[in-house]
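Taken straight from TrEMBL:
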- Q107, K123, T222, L223, W224, L225, E294, D309: ATP binding site (BINDING)
- D142, D309: Mn(2+) binding site (BINDING)
- 188-397: domain 'FAM20 C-terminal' (DOMAIN)
- D289: active site (ACT_SITE)
Amino acid sequence: MKLKQRVVLLAILLVIFIFTKVFLIDNLDTSAANREDQRAFHRMMASLHIELDPRLDHTLQSPWEIAAQWVVPREVYPEETPELGAVMHAMTTKKIIKADVGYKGTQLKALLILEGGQKVVFKPKRYARDYIVEGEPYAGYDRHNAEVAAFHLDRILGFRRAPLVVGRFVNLRTEIKPVATEQLLGTFMTVGNNTCFYGKCYYCRETEPACADGDIMEGSVTLWLPDVWPLQKHRHPWGRTYREGKLARWEYDESYCDAVKKTSPYDSGPRLLDIIDTAVFDYLIGNADRHHYESFQDDEGASMLILLDNAKSFGNPALDERSILAPLYQCCIIRVSTWNRLNYLKNGVLKSALKTAMSHDPISPVLSDPHLDALDQRLLSILATVKQCTDQFGPDVVLVEDRMTLSHL
């Protein structure tokens with residue numbers, strides 16, 4: 001081979017080597033992050049089933065102290081929680097020492113204080129599992145089982161932004177009435193042979209009480225977040241007007257997301273990506289009622305969007321309310337970690353995972369099969385929406401790296 005040819009060949013090989021090296025360097029972090037996403041998914045799948053076991057062998061702390069220490073600005077509970085079963089067991093078995101009307105809101109609930117001083121929110125059963133809520137996607141009473149299912153979906157998606165929820169049966173006559181405040185007690189009544197109450201809230205009516213089966217009422221209990229983490233309420237930028245004939249701006253302005261991106265706290269930090277995650281979460285559960293949301297106070301946009309009040313979900317498995325996904329299809333961005341997790345959950349994995357996760361719950365089965373089937377169908381719609389975005393703008397624009405180290409000290 002002539003010297004000139006050898007020089008050209010070496011130059012070509014050098015260029016190939018340089019491009020290969022640059023490509024590997026550029027993709028090293030992404031590949032490592034993707035591998036960690038896969039490992040995190042397998043860890044989640046391995047810990048889906050939670051035994052409600054009261055034992056805390058390795059600590060002298062109460063379950064309430066343990067749960068309080070879990071909370072940090074970007075998580076309500078950590079990825080690995082060997083004590084989770086013990087905390088949830090306490091939530092469903094600890095003695096109720098006080099019962100009061102729920103905090104202000106539109107729907108019936110009761111505020112309970114359990115032995116050890118822990119607050120929980122009790123939402124009573126209003127519908128049978130197979131009842132279909134007709135009308136608007138946010139119609140009907142709160143669904144207690146939706147709170148339970150939404151908590152476990154939060155675990156499966158890897159968000160860990162929903163407070164702990166577990167089902168519980170309470171005896172209204174022996175457990176609630178003896179420790180109820182006068183305000184709550186005044187809303188009790190007997191309908192036939194069933195003990196009922198209607199509480200105090202915007203839509204609470206004496207003519208629409210929640211009734212037990214005899215004295216035993218099924219419901220959900222949600223763990224109150226520690227008082228050292230006060231909440232701040234925000235209007236959701238994609239909230240509905242709830243007025244017939246009056247549309248919100250996002251419902252008619254195709255460039256609405258551009259305006260949101262220029263507004264604090266969505267112009268920097270993780271909040272807009274949290275909104276996108278929440279849209280995915282809400283679409284899966286059929287929750288079109290997130291008109292407001294909460295974060296921790298004085299966070300300057302850095303804390304998570306906390307997934308509170310998910311009870312207006314799982315109302316109609318046949319209704320896929322696409323408008324819930326508006327933040328996703330209008331902004332066309334999503335976290336790479338969220339995208340990876342959604343892809344791991346396709347082909348029936350989501351339905352199977354959620355069914356397994358909820359199987360331990362005292363009120364199991366939590367969801368009817370049509371609702372579980374709907375989750376898998378809605379997941380396909382989300383994946384298709386992201387693909388439309390990547391086809392239009394390219395994956396480098398749509399898939400956003402935003403991974404934060406979440407330390408629990």
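Heads up, the Cβ atoms here are built off N, Cα and C, so glycines get one too.
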Candidates Q107, K123, T222, namely the binding-site residues, that fall within 10 Å of D142 (Mn(2+) binding site) by Cα distance: Q107, K123
Fewest other Cβ within 10 angstroms of its own Cβ, chosen from the binding-site residues L223, L225: L225
Residue pair W224 (ATP binding site), the residue listed as 'active site' - Cα distance, angstrom, rounded: 21
Cα-to-Cα gap, D309 (ATP binding site) vs D289 (active site), nearest whole Å: 9
L225 (ATP binding site) to D289 (active site) - Cα separation in whole Å: 21
Other CB atoms within 10 A, centred on K123 (ATP binding site): 26
Which same-chain residues, if any, lie at least 6 apart from T222 (ATP binding site) yet have Cβ under 8 Å of it: V120, V121, K123, E147, P163, L164, V165
Model confidence over the domain 'FAM20 C-terminal' (188-397) (mean pLDDT, whole number): 95
Cβ-Cβ distance under 8 Å to D289 (active site), same chain, at least six residues away: P137, Y138, K312
Binding-site residues compared (D142, E294, D309) - the one with the fewest other Cβ atoms within 10 Å: E294
